[in-house]
Amino acid sequence: MQATLGGSHVDMDTREEGLPGKPRFSAQQPHVGRWLSPFFLTCAVYFLLWSPENQPSWVGALIKCLPILYLVVFLWTVYPGGSYSLLLQGALLCSAVGDSCLVWPEAFLHGMAAFAVAHLLYLWAFGLTPLKPGLLLPILLASIPYYGLLLWHLPPDMVLPLTAYSLVLALMLWRGLARGGSTCWGALLFTLSDAVLAWNLFVHPLPHAHLVVMATYYAAQVLIALSAFQSPRLKSN
């Protein structure tokens, strides 16, 4: 059954089944670039205003979160319904909470918990099809040596939370790689961002670490958000 809302056609049968609704425009159309312009603008504002001398503040937290919050608005506007889009939006909102918490060093564990929930929502969205268990081997081969070295430098109270978070992140990476498309690159960049952040915090300061962490993080989030255009279930509709 088709209904027309605001000039856009929405597949009501699909919406009732909880599948992603049809987008209001195609990913190939120039509209997407215009819609994402505010995302890139807010990223530029963050990088221009950030300084290592900045003191933690709610203003700084808001500026840091603005690109992620805009992606929520972007998805809500393009896909006002559908389970895949809603899960991505939920993950982005949890990521924004995590971003805010990480502005204050004493709230690091709260931020990590928020990002863990975001990864669980991404896992739910990506699903288990295709399974591709063979991807787990290279992930384990890369993760075990890295986290083995990292654990030697962690405070005792951080070992269990970071181990749990690392497991969730590795599972998200597996499902992102299995899904392919922009999701694959987004999951890889998200993992790289977290790996650089952890090494810089707990092992050894890295040059330009903050720039690398945030650039890869913002790129990861927008690539995962754009995967809504490549949803296999969306294509089947």
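Every residue gets a Cβ built from N, Cα and C, even glycine.
Record features, source TrEMBL:
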- 32-49: transmembrane segment (TRANSMEM)
- 61-79: transmembrane segment (TRANSMEM)
- 107-128: transmembrane segment (TRANSMEM)
- 135-152: transmembrane segment (TRANSMEM)
- 158-177: transmembrane segment (TRANSMEM)
- 184-202: transmembrane segment (TRANSMEM)
- 208-229: transmembrane segment (TRANSMEM)
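Counting same-chain residues at least six beyond the ends of the transmembrane segment (208-229), those with a Cβ under 8 angstroms from any Cβ of the stretch are 20, 23, 26-27, 32, 36, 39, 43, 46-47, 50, 52, 67-68, 71, 74-75, 78-79, 84-85, 88, 91-92, 95, 122, 176, 179, 181-183, 185-190, 192-193, 196-197, 200. Pairs of Cβ atoms less than 8 Å apart link the transmembrane segment (107-128) most often to 158-177, out of 32-49, 135-152, 158-177, 184-202. Contact count against the transmembrane segment (184-202) (Cβ pairs under 8 Å) is highest for 158-177, out of 32-49, 135-152, 158-177.
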